[in-house]
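S.K.: Quick paste of what TrEMBL says about this protein:
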{"type": "BINDING", "residues": "9-16, 22-23, R61, 88-91, K99, 115-116, 183-184", "note": "substrate binding site"}
{"type": "ACT_SITE", "residues": "H10", "note": "active site, tele-phosphohistidine intermediate"}
{"type": "ACT_SITE", "residues": "E88", "note": "active site, proton donor/acceptor"}
{"type": "SITE", "residues": "H182", "note": "site 'Transition state stabilizer'"}
Amino acid sequence: MTYTLVLLRHGESDWNAKNLFTGWVDVALTEKGEGEAVRGGQLLREADVLPDVVHTSLQRRAINTAALALDAADRHWIPVKRSWRLNERHYGALQGKDKKQTLDEYGEEQFMLWRRSFDTPPPPLDDSDEFSQAGDPRYADLGDELPRTECLKDVIARFLPYWESDIVTDLKDGKTVLVAAHGNSLRALVKHLDQISDEDIAGLNIPTGMPLVYELDEDLRPTVAGGRYLDPEAAAAAAAAVANQGR
Ligand SMILES: O=C(O)[C@@H](CO)OP(=O)(O)O
């Protein structure tokens, strides 16, 4: 018995296209991003990997990617569950900043520490900042738990409870589960699934709009390390582009 889990990062967003740190800012998909989402759904249909339930974040780029992909796969009717725990990493005071300008201003080492280190969060975002989520009604229930910045370690800590309580439950019910989320919340999940070290996870990048399929054994360990992209060549090229952002 294996369980099927499909990971899908949202398609290109407005701020991906503009090369801005995004985090919890709720930006839209670009037209190209919408096309990537549709293509992702077509790949699922062609591969006959048909989700029974979808889990998304509370951010429109993931929500709309899931809707477009599922429509293209003729699975637009499946149940949807959403949680802030699948949101992108909160990028703190970097939210809204240009990646290239940040690299030029702070240098490669600091840029990469903020972007890809396991446990160095960017400086916190002030609640009065135009890109703050303090006061956003969708996060009203979080109270003091509302992040002002996060590193990957923080994302894992807030993601894992939802993984255990909701996603694993659906997998163990025999459902094919689609998780439509974000570059860094999916890096957190892949780190957990593949037991990637705190150092090595820095080198892992997830491309936009490319379905990544994991078959998991009884202990929820991948039967193939790293899973399989349904379009591996396109995924490798797109992951390299993510790695090079800011340059
Ligand atoms: O800006 C962000 O929120 C993320 C994902 O787009 O960027 P990065 O890949 O630099 O972590």
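Note: Cβ is positioned from N, Cα and C throughout, glycine not excepted.
Describe each of these features in terms of where it is and what it packs against.
M.R.: There are 20 other CB atoms within 10 A of the CB of W15 (substrate binding site), with all protein chains counted. DSSP gives W15 (substrate binding site) a helix state.
Under 8 Å, Cβ to Cβ, and six or more positions away along its own chain, H10 (active site, tele-phosphohistidine intermediate) finds L29, G33, A37, Q59, R61, A62, N64, T65, A180, A181, H182, T208, G209.
In sequence order, T22, G23, W24, S57, Q59, A181, H182, G183, N184, S185 are the residues of the chain that are 6 or more apart from E88 (active site, proton donor/acceptor) and have a CB within less than 8 Å of its CB.
In the shown protein chains, 27 other C-beta atoms lie within 10 A of the C-beta of H182 (site 'Transition state stabilizer').
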S.K.: Mind running the recorded positions R9, H10, E12, G23 against ligand 1 and keeping the ones whose CB falls under 6 Å of it?
M.R.: G23
S.K.: Would you count the other CB atoms within 10 A of the CB of K99 (substrate binding site), including those on all shown protein chains?
M.R.: 19
